[in-house]
Amino acid sequence: MYVVKRDGRQETVHFDKITARLKKLSYGLSSDHCDPVLVAQKVCAGVYKGVTTSQLDELAAETAAAMTCNHPDYASLAARIAVSNLHKNTKKSFSETIKDMFYHVNDRSGLKSPLIADDVFEIIMQNAARLDSEIIYDRDFEYDYFGFKTLERSYLLKVQGTVVERPQHMLMRVAVGIHKDDIDSVIQTYHLMSQRWFTHASPTLFNAGTPRPQLSSCFLVCMKDDSIEGIYETLKECAVISKSAGGIGVSVHNIRATGSYIRGTNGTSNGIVPMLRVFNDTARYVDQGGGKRKGAFAVYLEPWHADVYEFLELRKNHGKEEHRARDLFYALWLPDLFMERVQNNGQWSLFCPNEAPGLADCWGAEFETLYTKYEREGKAKKVVQAQQLWYEILTSQVETGTPYMLFKDSCNRKSNQQNLGTIKSSNLCTEIIEYTSPTETAVCNLASIALPRFVREKGVPLDSHPPKLAGSLDSKNRYFDFEKLAEVTATVTVNLNKIIDVNYYPVETAKTSNMRHRPIGIGVQGLADAFILLGMPFDSPEAQQLNKDIFETIYYHALKASTELAARLGPYETYAGSPVSKGILQPDMWNVIPSDRWDWAVLRDMISKNGVRNSLLVAPMPTASTSQILGNNECFEPYTSNIYSRRVLSGEFVVVNKHLLHDLTDMGLWTPTLKNKLINENGSIVNVAEIPDDLKAIYRTVWEIKQRTVVDMAADRGCYIDQSQSLNIHMDKPNFAKLTSLHFYTWKKGLKTGMYYLRSRAAADAIKFTVDTAMLKEKPSVAEGDKEVEEEDNETKLAQMVCSLTNPEECLACGS
């Protein structure tokens, strides 16, 4: 049996060589729990004649990763093998790697196809010695296996299909792409990112330093005009943006409804559904940046639009295909008046925007005046019971998890862009609230701060601090470093502001908007991990206080950095007349007095003198991919489970929450039997008798935390979020009562985004093939009442809904 080495030579397979390589990579890992010889044995069992050493490394990494549920150190070993393999296949020198990418020639066409921009290449060549010497390749070994594989699959640049970048090369490329010839800032950004304090968003990591550096994540498009020309111009804009890896939110409030008269052709309109099917096919066809991600459009509609019922059906799994557009995402832009009519069981009038114009262009009292005027004039196409439309909204949410719920009046009332005009939609992920018009496509550049990194061990200086902490057992010896958070927030603000200037804009309307208003979006990841490291249950008073303190710090120091930029560069173009220009900050709009942790009086004084460089600053986004890269839980969400399965080339295996695994291993409680119990309980430890109660509280999953608390925490940080937040709602078995009371709770709390996705769990358990049932003791029988899951008929659902509206407190107490 032979292997093929990287230089093409053949060599007999030596078990000892494989073992020696794995032992070398096991430095610092627990020899009691992590056995490289066992991994080597499993690898040898999978060897075949002619296997390459690179493939052997891949198999070894997957084998070690599959053993992670035995001990956390196997995850570290898996990552080290994978990273070491990449290092063997790539050049060490950053500048040499950049040279290879710059002089890249397409092997099919024979044409020069540089992967690096000319100016970035020149800067790197001029500063090659300094940049090369700053890179610390050992930091690549700090990624966990799945984080590294995510980078390798989608983020590291490839030549002829082969990855040529190392993670550290990518981070330096991104830093140079943002800061260009400001080498001191390049190096500062590189070190902060490579030490995992924060990360820029996926499009920035994909494209920084390349010939077309499209670094923005979010685009908000307004339908240009209610005409064939306007619709197709908007469609083209969406396609061009999607090509460049941007997610899109598009508002369609102004498109005339079904049956509306078309003067130009003396015909009648087909409404929004056939149009949205065309947008649906465009989203499918144009993926984000050459197959990286499928195009994604969220469509926003106000509930007074006469096609709203058809709109709510578009994502459902049943029904006629010509009435469905399942690849789009749907969102409602809800005025307060609609919520009041539902609450009071009033009537609701549906209009065609062609016959009742202007409703999308106003909010608050002005909207109510115009809406009731049209009602009195008899312009409604249809009048329905508001609760009946609400019922259809809930039906769609229970079936599909959408539409998203955003409150139009809160979004406008609490926006620093309200001086520009009425804001008509959010973005794909519901955290960006920006003004759009036919001539302005709103854009946002994002970055997220990795909160677990700021949990520090007392008395340990920063330069000798471990890069990653795990588990809650040492929480008494830890604290949260707000000073470092302040410093990193300032750097992130400066970076995102620079991106506005160096960015490649796929459409001119996007450049116009971004240059005028200069909004940015700073988010977080790993809030749940930070709570665990500090030994705080997610819903504890301590966690709720830390949640406020973190976001107060981020908002304060983002504003401070922005006003310092304005002192040098001037305020953004449309600053005059904005709430901030009048001294009104986000906490003022929520009637909240900030703590005295930071000196707000001094900040207000600075702003009154200098203005601010950016109209908007804070927007906690979902961080789906980047949190996986850094090994953190998503954004500000609780853990959804303590155990989940991963599929890789060699099969499927179980992964356990690294903090829980760390704690249980240190306590000597982790056994194959306990693992089986955890799988059988769907990742919950609440019913596992061996685990102490204090750990059960810390590791409660989102299904065991009251959603009311999740909403309270969203509102607590809301007064420091000048955009919005991607707030998912998790409900085990959603019914109309729980959903209604929850939506009304988010509305009354003043949230801008009431709900991103509704996440629910199936009532029936899937068969767990990975559970060794012999290890499980007999479970107590389920209560008879739970066995008979009856179909609730429509009358029952309506009764529940009405009950929750009339008795909101009682209904919320029942556990939504």
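Backbone N, Cα and C atoms are what each Cβ position is placed from, and that goes for glycine too.
Residues or ranges marked as domain 'ATP-cone' by Swiss-Prot on the basis of sequence analysis: 1-92. For the domain 'ATP-cone' (1-92), the model's pLDDT averages out at 88.
For Phe15 (ATP binding site), the same-chain residues 6+ apart in sequence whose C-beta sits under 8 angstroms from its C-beta are Ala40, Gln41, Cys44. Residues or ranges marked as ATP binding site in Swiss-Prot (evidence: similarity to another entry): Lys5, Arg6, Glu11, Thr12, Val13, His14, Phe15, Asp16, Lys17, Thr53, Asp57.
Summarising the annotation, Swiss-Prot assigns GDP binding site to Ser202, Ser217, Asn427, Glu431, Thr623, Ala624, Ser625, Thr626 and lists similarity to another entry as the type of evidence. Under the three-state DSSP scheme, Ser217 (GDP binding site) falls in the coil class.
According to DSSP, Cys444 (disulfide bond) sits within a strand segment. Per Swiss-Prot, disulfide bond is recorded for Cys218-Cys444.
Listed in sequence order, the same-chain residues six or more apart from Ile228 (dTTP binding site) with CB atoms under 8 A from its CB number zero; the list is none. In the three-state DSSP reading, Ile228 (dTTP binding site) counts as helix. Marked as dTTP binding site by Swiss-Prot: Asp226, Ser227, Ile228, Lys243, Arg256, Arg263, Gly264.
Asn427 (GDP binding site) falls outside any helix or strand according to DSSP and counts as coil. Taken from Swiss-Prot, the feature active site, proton acceptor covers Asn427 (among others).
Residues annotated as active site, cysteine radical intermediate in Swiss-Prot: Cys429. The Cβ of Cys429 (active site, cysteine radical intermediate) lies under 8 Å from the Cβ of Cys218, Gly247, Ala298, Met621, Pro622, Ser726, Tyr756, each on the same chain and at least six residues away in sequence.
The feature active site, proton acceptor is assigned by Swiss-Prot to Glu431 (among others). Within the same chain, the residues at least 6 positions away from Glu431 (GDP binding site) whose Cβ sits under 8 Å from its Cβ are Gly521, Gly523, Ala619, Pro620, Met621, Pro622, Gln723, Ser724, Gln725, Ser726, Thr753, listed in sequence order.
The site 'Important for electron transfer' annotation in Swiss-Prot covers Tyr756 (among others). Secondary structure from DSSP puts Tyr756 (site 'Important for electron transfer') in coil.
Sequence-distant contacts of Tyr757 (site 'Important for electron transfer'), defined by Cβ-Cβ distance under 8 angstroms and a gap of at least six in the same chain, are Gly401, Thr402, Tyr404, Asn728, Ile729. Annotation comment: Swiss-Prot describes Tyr757 (among others) as site 'Important for electron transfer', evidence class similarity to another entry.
For Cys811 (among others), the entry in Swiss-Prot reads site 'Interacts with thioredoxin/glutaredoxin', with the evidence type similarity to another entry.
Residues annotated as site 'Interacts with thioredoxin/glutaredoxin' in Swiss-Prot, with similarity to another entry given as evidence: Cys814 (among others).
Put simply, Lys17 (ATP binding site) is 38 Å from Ser202 (GDP binding site) when counted between their Cα atoms. Per DSSP, the secondary structure of the domain 'ATP-cone' (1-92) breaks down as 51 helix, 8 strand, 33 coil. The shortest Cα-Cα distance between Asn427 (GDP binding site) and any of the binding-site residues Val13, Asp226, Lys243, Arg263, Gly264 is the one to Lys243. Each of the recorded positions Asn427, Cys444 was scored by other CB atoms within 10 A of its CB, and the lowest score goes to Cys444.
Remark: Lys5 (ATP binding site) has Glu11, Thr52, Thr53 as non-local neighbours, by Cβ distance under 8 Å and separation of at least 6 in sequence. Cα-Cα distance from Gly264 (dTTP binding site) to Cys444 (disulfide bond): 37 Å (rounded to the nearest whole number). All protein chains considered, the CB of Ser227 (dTTP binding site) has 14 other CB atoms within 10 Å. Separation of the C-alpha atoms of Asp226 (dTTP binding site) and Ser217 (GDP binding site): 27 Å, rounded to the nearest whole number. Arg263 (dTTP binding site) sits 68 Å from Asp57 (ATP binding site), taking the CA atoms of both as reference points.
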